[in-house]
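If you check TrEMBL, you get these features:
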type	residues	note
DOMAIN	53-144	domain 'Purple acid phosphatase N-terminal'
SIGNAL	1-21	signal peptide
Amino acid sequence: MLVQLLLLSSVLLTFVSSGNAGATSAFVRNEWPSVDIPLDNEIFAVPKGYNAPQQVHITQGDYDGKSVIISWVTADEPGSNKIRYGLSEGHYDFTAEGTVQNYTFYKYESGYIHQCLVDGLQYDTKYYYDIGDGDSSRKFWFHTPPKINPDASYKFGIIGLCFFLIFYH
């Protein structure tokens with residue numbers, strides 16, 4: 001029994017002493033030039049005007065690509081929850097109305113979060129839209145995807161903000 005215990009101990013010590021347990025290679029980050037947008041770029045500036053829409057983003061609103069969800073935040077008050085949109089810049093023949101809400105977390109109080117579904121859109125069409133009120137309104141555009149078929153070429157990006165969805169339920 002003692003012989004077996006000594007043999008087992010020596011085998012175990014051999015594995016521990018000759019193994020690489022706990023040893024790692026050094027990681028050195030390469031000094032590549034930055035391809036990001038600099039943080040002082042004007043794109044990150046707070047928009048001019050009182051209660052101007054900020055953090056504007058757009059997502060595909062359905063599986064077919066015939067609707068979008070446009071979201072934005074206003075800092076000071078709820079403001080308008082309507083989107084004006086159309087097929088040419090400055091000519092907004094359609095409107096869509098969304099929701100506005102905010103939340104608190106301990107001592108933090110969010111801005112007013114707007115979310116608006118724009119549906120009934122045509123495939124492969126450029127739309128212009130306007131959000132906000134008066135001098136603080138902001139203008140953007142988007143292009144709907146082509147009609148779904150095996151040969152349709154369409155690129156899109158995926159960005160995850162899963163925790164953000166809890167505020168809409």
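Every residue gets a Cβ built from N, Cα and C, even glycine.
Nobody curates TrEMBL annotations by hand; they come from automatic prediction.
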Across the domain 'Purple acid phosphatase N-terminal' (53-144), average pLDDT on the 0 to 100 scale: 94
Structural state census, the domain 'Purple acid phosphatase N-terminal' (53-144) (DSSP three-state): 3 helix, 51 strand, 38 coil
